[in-house]
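Summarising the annotation, TrEMBL assigns active site, proton acceptor to Lys45, Tyr274. TrEMBL lists Lys45 with the feature N6-(pyridoxal phosphate)lysine. Annotation comment: TrEMBL describes Arg142, Met323 as substrate binding site. The domain 'Alanine racemase C-terminal' annotation in TrEMBL covers 253-380.
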Amino acid sequence: MQSELMNAYYRDTWVEINLTAIERNVRSLYELYKDKGTEVMAVVKADGYGHGAYEAAQASLVGGATFLGVAILDEAIELRRKGITEPILVLGRTRPTDAALAASMKIAVTVFSLTWLKEAETVLKSNEPLSVHLKCDTGMGRLGLIDQAEIETVSLFIHQSEHFDFEGLYTHFATADEIEIEYYDEQFQQFKELSKILEDHGISVPYVHCANSAAALRFPERAFSMVRFGISMYGLSPSPEIKELLPFKLEPAFALKTTLAQVKKLPEGKAISYGATYVTKQDEWIGTLPIGYADGWIRSHSTNGGTVLIDGEEAPFVGRICMDQCMIRLSAQKHEGTVVTLIGVDQSSSITMDDVAKRLETINYEIPCVISKRVPRLYYRDGILASVKNPIQ
Ligand SMILES: *Cc1c(COP(=O)(O)O)cnc(C)c1O
């Protein structure tokens, strides 16, 4: 079985996804909320933050999630085609002309405009209502209605239309991952009032939700009927500053590995890679790695002093990262084929997603998202290889 799976890709650079970690991260959050009856939406947009949407969705459902969140309709359709039957919400904008398609596949969409609803009504059949979640902008300045009167009008319209099922009301926080909670608090209070207004109109909405990972982990007493769990279901902290405030330990699910394609000793004064920007200062052991910027391993990894792990030791990138390959300086001769860890644990050392994000002056969210589809994903459950996904054959 294993050797058959191993044949599904033909390069020595891969991502390891620990499905058990995803399952446990979701279960920990589920446990935190289960007495309150608050449900967990697993956010698997952007191919599950680069981990694999379908695989991450399945692991999250085992861990207790009951709802899935994606960014675009195509992502929801992919999950349906693969056999996922649980509720799915599209968090971004869907075209009103695609309302019937979404309804037929039981995919809920985000709405924030009366014009949109009226247009969608023209394509919807009354025997197949479209589930909608009304998005309110309480301070993110992205999608959503701002004006309270407009929110009331739109709510009443959805409530009274036979074409729509008023399934959810939600908002999104801009600063829930920061220590300072004043802005978050304002958004929360505003949202609470909005949900109260709907109640006063006698409109009951089954899913009222505002918390992302940061808010869900930090403020469990402030959740409504659902929380949207994204980055932390993958075992990553929403920000470095709130890492110490998290209620349980998160287990990272993503590791990026490659192997030494060639090892050679270069004498002093030899240049490495395009532009010949690195020149050996003495006899140096140089390793060539079969990963480059086309795999999402962008050039700044070498210019910003990046390192990898080999036999538990750090080794720096030298010279520019190429499209498909890059070079490292080894402390000693190593065997070709030796495993090199770019993200993950090697013996007692590790390079975390946060380390890599800091190196690139960005956030951990961005790193797994940009590791391209050319890098096969190997899925492990309880330490055993369960499946391989290599989309490019
Ligand atoms: C991406 C997203 C989330 C998940 O946010 P995390 O910080 O990854 O938990 C939640 N809600 C919306 C609307 C999103 O776009």
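Backbone N, Cα and C define each Cβ position, glycine as well.
Counting in whole angstrom, Met323 (substrate binding site) lies 26 from Lys45 (active site, proton acceptor) by their C-alpha atoms.
Of all the Cβ atoms in the protein chains shown, 12 others lie within 10 Å of the Cβ of Met323 (substrate binding site). With helix defined as DSSP H, G or I and strand as E or B, the domain 'Alanine racemase C-terminal' (253-380) counts 22 helix, 50 strand, 56 coil. Separating the Cα atoms of Lys45 (active site, proton acceptor) and Tyr274 (active site, proton acceptor) is a whole-number distance of 36 Å. Other C-beta atoms found within 10 angstroms of the C-beta of Tyr274 (active site, proton acceptor) number 12, with every protein chain shown included. The distance from the Cα of Tyr274 (active site, proton acceptor) to the Cα of Arg142 (substrate binding site) comes to 41 Å. Ranking the recorded positions Lys45, Arg142 by how many Cβ atoms sit within 10 Å of each one's Cβ puts Lys45 at the top. Reduced to three states, the DSSP call for Arg142 (substrate binding site) is coil. Taken residue by residue with DSSP, Lys45 (active site, proton acceptor) is part of a helix.
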